[in-house]
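Chemist: Here TrEMBL flags 1-30, 280-319 as region 'Disordered'. Annotated compositional bias 'Low complexity' per TrEMBL: 14-30, 310-319, in sequence order. Annotation source TrEMBL lists transmembrane segment at 45-68, 80-104, 116-141, 147-166, 187-203. According to TrEMBL, the feature compositional bias 'Basic and acidic residues' maps to 292-309.
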Amino acid sequence: MMESQPLQAPTAEPHGAGAADDQPGAGAPPAVVPGKEFTRTCKGLVVVLIGGYVLLQLLPSSLNYLAIIPAKTIPFVWTVFTAGYIEQVLPGAIGSSLGLLFCGKDIEPVWGRKEFLKFIILINSICGILAFCIAVALYYVTGKESFLVTPLSGFHGALAGFLVGLKQLLPNLELPMCFFWKIKAKWMPFFVMCFSTIMAFIVPDSINFLPTLLSGMYVSWLYLRYFQKNPLTGLKGDPSDDFSFPSLFPDAMRPVTDPVANLFDRMLCARSKPSEIALPVTDPTKASRRRERGERVLEERMAADHAADAEAPAHSAED
């Protein structure tokens with residue numbers, strides 16, 4: 001049976017929160033305060049993304065050896081693992097870099113550098129394999145050779161996974177979209193799914209991104225829901241209702257999503273022997289405490305930002 005794990009939260013606690021949780025090491029400060037600065041890991045990955053784009057401009061033929069071209073993937077099998085770090089156009093390189101920096105500064109301090117890198121490598125690799133399989137399937141269904149010769153690459157699968165990670169860790173975090181419009185992190189995966197699907201019909205070339213984007217979103221949910229290991233407790237998964245499969249969609253879609261959620265639970269949670277089911281599981285109240293603690297960290301961060309903005313005019317007036 002899947003080992004139950006509470007929602008992971010930043011290891012740095014607000015003052016007084018330690019009494020609400022008796023997990024060992026809960027008060028250890030993280031290497032970086034979530035949301036305050038870009039992490040070294042993210043900066044290093046940005047260098048990789050920008051470097052990959054520059055390499056394509058200097059050596060266009062390198063695309064054949066780094067991106068997924070379904071007709072050539074069998075001899076160049078490593079491309080399913082490298083394609084996730086290769087951006088073919090400048091807007092893609094810039095957008096992926098910004099998304100990595102801003103999502104990573106909230107996620108990496110909570111997960112840790114090792115788990116953060118593991119997540120990126122895992123999601124990009126699985127997305128590469130699925131992109132190859134989907135392209136071949138579309139070729140056999142439609143007969144269009146373009147599906148076999150179009151280079152597939154980009155970091156958007158991992159970016160979609162980051163959105164799912166933010167939904168899990170900071171569901172009430174407001175993410176800016178455009179101008180003054182913001183959307184909560186818990187709704188961002190569904191919004192991106194709908195927007196990308198619509199754009200695939202409006203802009204035909206964008207359909208090449210859709211399989212990787214959707215694969216990244218749902219593969220990351222499966223990993224975080226059932227397999228990610230909490231280093232503090234040694235337990236796996238996040239069984240909370242707030243991170244169930246139906247939570248990725250509006251409540252009106254529950255008649256469709258509930259059976260899918262039950263199928264996942266039967267496949268991934270019910271394969272153990274009865275003797276294994278008696279293992280202790282996490283108290284749901286502790287999972288709730290960790291979620292509240294993560295939200296308190298977010299509130300403190302926002303309060304500190306407002307205080308800094310208020311102090312700036314005061315210092316200007318004194319000068």
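Cβ atoms are placed via backbone N, Cα and C, with glycine included.
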Chemist: Who are the long-range neighbours of the transmembrane segment (80-104) in its own chain, taking Cβ under 8 Å and residues 6 or more past its ends?
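Modeler: Distal contacts: 38-39, 41-43, 45-46, 48-50, 52-53, 56, 63, 66-68, 73, 116, 120, 123-125, 127-129, 131-132, 151-159, 162-163, 165-166.
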Chemist: Any chance you could find the range in 116-141, 147-166, 187-203 with the most Cβ pairs under 8 Å to the transmembrane segment (45-68)?
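Modeler: By Cβ pairs under 8 Å, 147-166 leads among 116-141, 147-166, 187-203.
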Chemist: How about long-range neighbours of the transmembrane segment (116-141): same chain, 6 or more residues beyond its ends, C-beta under 8 Å?
Modeler: 41, 45, 68, 70, 73, 79-81, 83-85, 104, 107-108, 147-148, 150, 152, 155, 157-158, 161, 165, 211-212, 215-216, 219-220, 223, 228
